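Asks: Here TrEMBL flags 17-91 as domain 'Cation-transporting P-type ATPase N-terminal'. According to TrEMBL, the feature region 'Disordered' maps to 27-53. Taken from TrEMBL, the feature transmembrane segment covers 71-89, 255-277, 289-311, 717-736, 788-807, 851-871, 883-903.
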Amino acid sequence: MSSVARTFGSPQPDRLPAWSRDGAEVASDFSVTPSTGLDPSEAARRRAETGPNRLAEAKPLPSWVMFLRQFASPLLIILIAGSMVSALTGHRVDAVAILAIAIFNAFVTHWQEHKAAQSLAALRRMSAPWACVRRGGRPVEIPAADIVPGDILIVKAGDILAADIRFLVASRVQVNESTLTGESEPVDKQADPIPGEDVALADRSNMGLMSTQVTGGSGEGIVVGTGMDTEVGRIADLMTAAKEPKTPLQLKIGVLSRVLVVAALIVVAIVIGVGVINGMGTSEMLNTAISLSVAAIPEGLPTVVTIVLTLGARNMAASNALARRLSSVETLGSTSVICTDKTGTLTQNQMQVMRCWVAGKRWDVTGEGFYPEGAFVDAAGTAAEIDTEPDLREMLSVSALCNDAQLVEADGRPAILGNPTEGALVVAAAKVGISRQKMLEAKVQILRRFPFDATRKMMSVVMRFPDGRTVLGIKGAPDVLLSRSSHLRIAGETLEMAPAHRDAVEAVIASFASEGLRTLAVAIRDLSAKEPDQGNPEKKLVLLGIYGIMDPPRAEVPGAVAEARRAGIRTVMITGDHAVTARAIAGQIGIRTGTAQTVHKGVELDLMSDENLTSVVRHAAVFARVTPEHKLRIVRALQRNGEVTAMTGDGVNDAPALRAADIGVAMGLSGTQVGKDSAALVLLDDNFATIVTAVREGRRIYDNLLKFIRQELTANVAEVTTILFAFLLMGANPLLPVTPLMILWVNLVSDGLPALTLGFEAAEPDLMSRPPRPRNEDFFAAGMKERILIRGTLVGLLTFYVFRVFLEQGATLDHARTAAFMTLIFAQIWHVFDARTTTTLFRKSPLGNRTLLGAVAASILLSLLATYTGAGHVVLGTASLPLPHLVGTFFLASLPTLLLSGIKEVFGVTWL
Ligand code: ATP
């Protein structure tokens, strides 16, 4: 700390550490006034001097090392072995060509992986942390990397501390420092100096350390260390760049590639064995062995899977869904339940007080949005004169004081800084001229604050009035406050709460809630008179009144809920709000709450065993008055039923549920850093509809990956069977129908190119009307295996047949091979039009995917060049085919696809 402090403050070599000095002294060391923070230009100057506030990462491996690593793949080893064998058996052109292809392939794969890594890094940067600092007298949100020593960092529950700070204000701040001190319980923070220079890290209760989590309260402090000049920076080994874990599909593809390599080696052993017994020439035999191994391995598969997933993640980010892991792109496609918060995700979070009940009287509140204009109108239509309504005045005053929100102007319109529920109360009070500012100017003091917490469901402040009274002001969920209230304010008098009063209040709550309004109660307690249980003042309250606050559903949500239902995905609302409000809003957006069994309250969950909950979550549609802790139980119960669960959350306490869910979804705008760090998906617009969009995209990407896998593997099967048919059906001295280089050409160029563009296929029409894909479903399921084997074998048979007929008709070997080569190419091109749909090519316009058409055109052109140019003849061993032969192979090659898809259409054989 001290080195940086010296740069900005007055140098004092023997200065004491920040924790042992008074806050004001530390502020002067860093040349900052806490109430205004640094001047933006001074902050910029310091930023240039200290560099970004980031822990240094280990340098990534140099590019050439990454390139050389490609050569450890089984494919490249086989290709290089093939090239060496070709060289030894005198096929020099083949040897050079295979080696060139191997190097080219390594280069392309390396380049694609590099691009994919860059895209991922860009996505990660989008979720980089932000922090709130005071600069130029105002709180501003800045990227955490731009924090400088001397900044005043404003922190609240849910933040991950972005730098080392010395607390100046700490209101019930608790920090989990387990990553640095090993202490697993959160520790309390305070702002007073701690004497002594040798204070252990864990005992520096007025310091906040970078990368630790604020789990409760709020406060602010001076940044005393950034980047590597922090406690974590000092002890951290250089952080290694986070490595993206492989997705289930990538792992399966990896296994498949290895299985295919082993299978190829076994077939090669058999071929050599049989060849030796039959007295086949060594050169032929080795050539066959190379062809087989090259044919059996789907070269592009692993890379393309990564690329398609990365492209998918990029598309999703463009529609406001930031996938923090590639595997979530995949898992999203099989989501079967979406558990979502209500406020802000399903609703607009544009809170407005519509009704108010105070001292037995109901008021309707007029006005628009956050404009502080409007009135409190009673049943007779008379607007309230605030000076003649002391109860209303008291309720609005307490609401404005027990409040952290601010009414500001943004773009010429009123806007709320802070919590929208509190903002609605600020606006309501402002309509009759009551504001916190005015009260503070009139010498009302706030002595203590107990911030809102979703588990307690209330917030309170201790206030001192100019007349000397000390009063606790409290607002929160009405059922919670009602259960803590012993009295009620009626017509300026404080009456003991009789059962009839309680019933009346409950009726008001129910009537507001049934309109879909959020309800909030306000209560006070006079603390001036000393009473025995002063330790916990949040009871024996005097209830002042109830608000009914409107928070309309987002317009796009009903459509998204309906779309999810058609796609077999259940939407479950999990809210801290009142059950009746929750049910009303659920009804408005189309979440079905037909029976009482579908709405459950948090208190019921407390009484339920895990087994009971497991059966309850089968039909539940709404959970109301839940705490974040319930969310974890709900996720686990759903998972026990085999559901793939997406769960939204924003606060610190939501983190365990977000981590446990298959897809934890955090809020990008209103969520906490801890929430975002725990989630797999971050919604940049906090909108439920975005989750459904992401699911749709996840399904499309998975569909397209399957299409790509089908196209690639069909080519591999076709190539292997072509060679095997020759080997089995041509007697003792079989000839190879296609050379190893021709096979490589098909895999990497003529088939590989169009196959790649399957990633760009638009969504299938039934994409969101079929049930979710079961978790861990094998990609060979649903007829895929049969389709690949049958179609591949038929193409192999046809290719061999063409080769044989040409030979029998007296064609030269090169000529017959070229005819077989073109048959294979054309057959795969016909097949790609079938592979692009889960139905058949007869049902999808061939013009739908422009990129595919371009790739097919390029593939045909390149293959014609390979056939009709001297270079092609030398390298690939092709011969110029007469035009009728070329046209003939084109139409013959359509047979496997047209025949099999025809049968599929006519007889409805789905697996074909
Ligand atoms: P969701 O869980 O869907 O986001 P929610 O915002 O209603 O819904 P919580 O934030 O847990 O859930 O709030 C629960 C209840 O606490 C609210 O219904 C309201 O009565 C009360 N409440 C909300 N915000 C505040 C606040 N700032 N101060 C006091 N009480 C509040």
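Quick reminder: no glycine exception, Cβ is built from N, Cα and C everywhere.
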Asks: Taking residues 6+ outside the transmembrane segment (851-871), which of them lie with a CB under 8 Å of any CB in it?
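Replies: Distant contacts of the transmembrane segment (851-871): 745, 749-751, 753-754, 756-758, 760-761, 818, 821-822, 825, 829, 832, 836, 878-881, 886.
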Asks: When each of 255-277, 289-311, 788-807, 883-903 is checked against the transmembrane segment (71-89) for Cβ pairs under 8 Å, which one has the most?
Replies: 289-311
Asks: Taking residues 6+ outside the transmembrane segment (788-807), which of them lie with a CB under 8 Å of any CB in it?
Replies: 710, 713-722, 724-726, 729-730, 735, 737-738, 780, 813, 815-817, 819-820, 823-824, 827-828, 831, 889, 892-893, 895-897, 899-900, 912
Asks: Using Cβ atoms and a strict cutoff of less than 8 Å, what residues sit near the transmembrane segment (289-311) while being 6 or more residues removed from its termini?
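Replies: Residues 74-75, 78-79, 82, 85-86, 98, 105, 109, 112-113, 115-116, 119-120, 247, 249-250, 253-254, 256-257, 260-261, 263-265, 267-268, 271-272, 326, 329-330, 701, 704-705, 708-709, 712-713, 715-716, 719-720, 722-723, 736, 738-740, 743-744, 747-748, 752, 755-756, 759.
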Asks: Using DSSP, how many residues of the domain 'Cation-transporting P-type ATPase N-terminal' (17-91) fall into helix, strand and coil, respectively?
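Replies: Counting residues per DSSP class in the domain 'Cation-transporting P-type ATPase N-terminal' (17-91), I get 46 helix, 2 strand, 27 coil.
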Asks: So what's the average pLDDT for the domain 'Cation-transporting P-type ATPase N-terminal' (17-91)?
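Replies: Residues in the domain 'Cation-transporting P-type ATPase N-terminal' (17-91) carry a mean pLDDT of 84 in this prediction.
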